[in-house]
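Participant: Sharing the feature lines straight out of TrEMBL:
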type     : residues : note
SIGNAL   : 1-29     : signal peptide
TRANSMEM : 302-324  : transmembrane segment
TRANSMEM : 367-395  : transmembrane segment
TRANSMEM : 401-423  : transmembrane segment
TRANSMEM : 444-465  : transmembrane segment
TRANSMEM : 471-498  : transmembrane segment
TRANSMEM : 526-552  : transmembrane segment
TRANSMEM : 558-581  : transmembrane segment
TRANSMEM : 593-617  : transmembrane segment
TRANSMEM : 637-663  : transmembrane segment
Amino acid sequence: MASLWTSTTAITAFLLILFIHSGHSPAAAFYLPGSYPQRYRPGDTLAPKVNSLTSPSSKLPYPYYSLPFCAPQHGARHAAESLGELLLGDRIETSPYRFSMLNNTATPLFLCRTDPLPPGTAELIKSRIDDAYQVNLLLDTLPVMRYVKNPVAPDVLLRSTGFPVGVRADDGEYYVYNHIKLTVLVNKQNTTTRAETLMATADGADLLSFTGGKEGSGYTVVGFEVVPCSVEHDAAAVKNKTMYDEITSKAAAGCDPSVVSMRVQDNRPLVFSYEVAFVESGIEWPSRWDAYLEMGGAKVHWFSILNSIVVVSFLAVIVLLILLRTVRRDLAQYEALGGSESGTHADELAGWKLVAGDVFREPSHPVLLCVLVGDGVRILGMGVVTIVFAALGFMSPVCRGALVTGMLCFYLVLGVAAGYTAVSLWKTVRQGDADGWKSVAWRASFAFPGIGFAVFTVLNCVLWYNGSTGAVPFLLFVVILLLWFFVSVPLTLVGGLLASRVRHIEFPVKINKVARQVPAAQCSPWLFVVVAGTLPFGTLFIELFFIMSSLWLGRVYYVFGFLLVVLALLVTVCAEVSVVLTYMGLCVEDWRWWWRAFFASGSVALYTLGYAVYYLVFELHSLAGPVSAALYVGYSLLMALAVMLATGAVGLGASFCFVHYLFSTVKLD
């Protein structure tokens, strides 16, 4: 075990090095194969796209054109989206905004004049304004960014992606932001390398049309900013205007967001316009995401890691004391007394030595335990592989939805690990008897995936009913179902088949035919199990805050280097806590350690769920509507269950290794 602690320390040190090289500078990971700079020549057309309307208070995204915004002349078209984008509720469509590289607009450009608003449409706009819905534009994959003054410190600018649909003024009237001032930051590139040429074009003819057969200069988009305004255009200025015509508007001059005038009223049309300016910037293309990925609280992350290291070290000292002093002393005493429980020395023997014939007795509900551990190993493996790939930069925000897509793919493939672990544990518990392994593998393939799919289906039906883009399309819903039945389930069964043909782990001691009576405990051991969850939660809760903020407040989370280190520390703490509680139980002659080992570390899920409630009350107090609350509660319960399975599997695995090592040193007559 001392060597185990040394290897754990080495792994943690390796992860710290990996964090320093991969997680410290997020932008450094973006220039990857498949992620190339798109170059534009002066005069080339740029066409921003629109994403779903989102809100920090309502978790129901809606299509952009669900409100009476201007549509392209030839109609809106959906952009190609990945599996992860669809699962996240993104619906990217073409927009009417058009402009040319380096072509600044001297005057506002007319977009459209809507029909007079019916009362229902006007009320819908007001409802979206009350729920703080945001318009999300994209240019060259960059979300539009808005800068506003900090009300507490006016000299400090706050950044946020998107801009509000409108605002409710102090007079109680609603105003829509119908004019936007766009600023495109560009960086001039003097040469085009051969490697970028091959990545950026699929056909050599495209390259020749761009550079005229020679390497030349071009511009890359490195920033996209917006200032929204509410202006009331003169009726004469927009009369008989068509899309992209220049209009003279004194109201749009200056574009002051603090002055609003385009009121939302029944039977009154809305007029939309925009202007654009290009600014040459020194920001390099690989660094253009830095403004989006700068996360505050780096000191907090370091404090979390240092706090976790202290907890890990403290528990490691306890485990080493148990192994190097207490256990060895007990073994020496046991061997000196002849390894027998009878005779004059029986009173001198106590604790774990007396349960050698029962410690490996089959636990209650063994099938359920095997299934939970198998699913836990799958979830833990998915988390580790996903975080490692993300920390190395292979799942950057450039590829929208890549993180969710990767998680789903890894989860499907790791069905092999779930089936193998569940059946291996089943054979070990049954002392080599593989009968019933098919039932165990089948249940492992349907347990957590079935619960997750049931919650997902119910919540998806709610989103369908409300017309939200967060609802997964029916075709994709069928695809996910088919992936479960024709990829996940077969792989789980394959893993179970492999485990059924592999030699099981043999117990170092024989099991008595009659179970030993467990002495009455002065205090319920399950109380210690519940309290034990505080230590793993202390390792996790700071990062949990940032993860929850990313999930529910739309903030970008990209410090996967920190998260990888925290995950390693969490696994270590869970293993140590479970080992300590297992040893404490054996010392009071309680050989029923299997389930307690699982829940000793798995009880962190209770605190995770409690923190979710705290976050809902104090951080999401503006959450609007029962549907948003149902989404939050449903996915929080699913997250807590996943945490319980993953940490419980770690705890049981560590305790089994400890107990096997401990009793393999006992010499019995």
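Numbers here mean position along the shown chain, with the first residue as 1.
A Cβ is built for glycine as well, from the same backbone N, Cα and C atoms used for every other residue.
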Participant: With CB pairs under 8 Å as the measure, which of the listed stretches 302-324, 367-395, 558-581, 637-663 comes out on top against the transmembrane segment (593-617)?
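Facilitator: The stretch with the most close Cβ contacts to the transmembrane segment (593-617) is 637-663.
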Participant: Within this structure, do the transmembrane segment (444-465) and the transmembrane segment (637-663) have 3 or more Cβ pairs under 8 angstroms, counting pairs 6 or more apart in sequence?
Facilitator: yes
Participant: Is the count of Cβ pairs under 8 Å between the transmembrane segment (526-552) and the transmembrane segment (302-324), pairs 6 or more apart in sequence, 3 or more?
Facilitator: yes
Participant: Could you tell me what the rest of the chain brings near the transmembrane segment (444-465), counting residues at least six beyond its ends with Cβ under 8 Å?
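Facilitator: Sequence-distant neighbours of the transmembrane segment (444-465): 60, 370-372, 374-375, 378-379, 415, 418-419, 422, 471-472, 477, 480-481, 484, 488-489, 492-493, 496, 627, 630-631, 634-635, 637-638, 641-642, 645.
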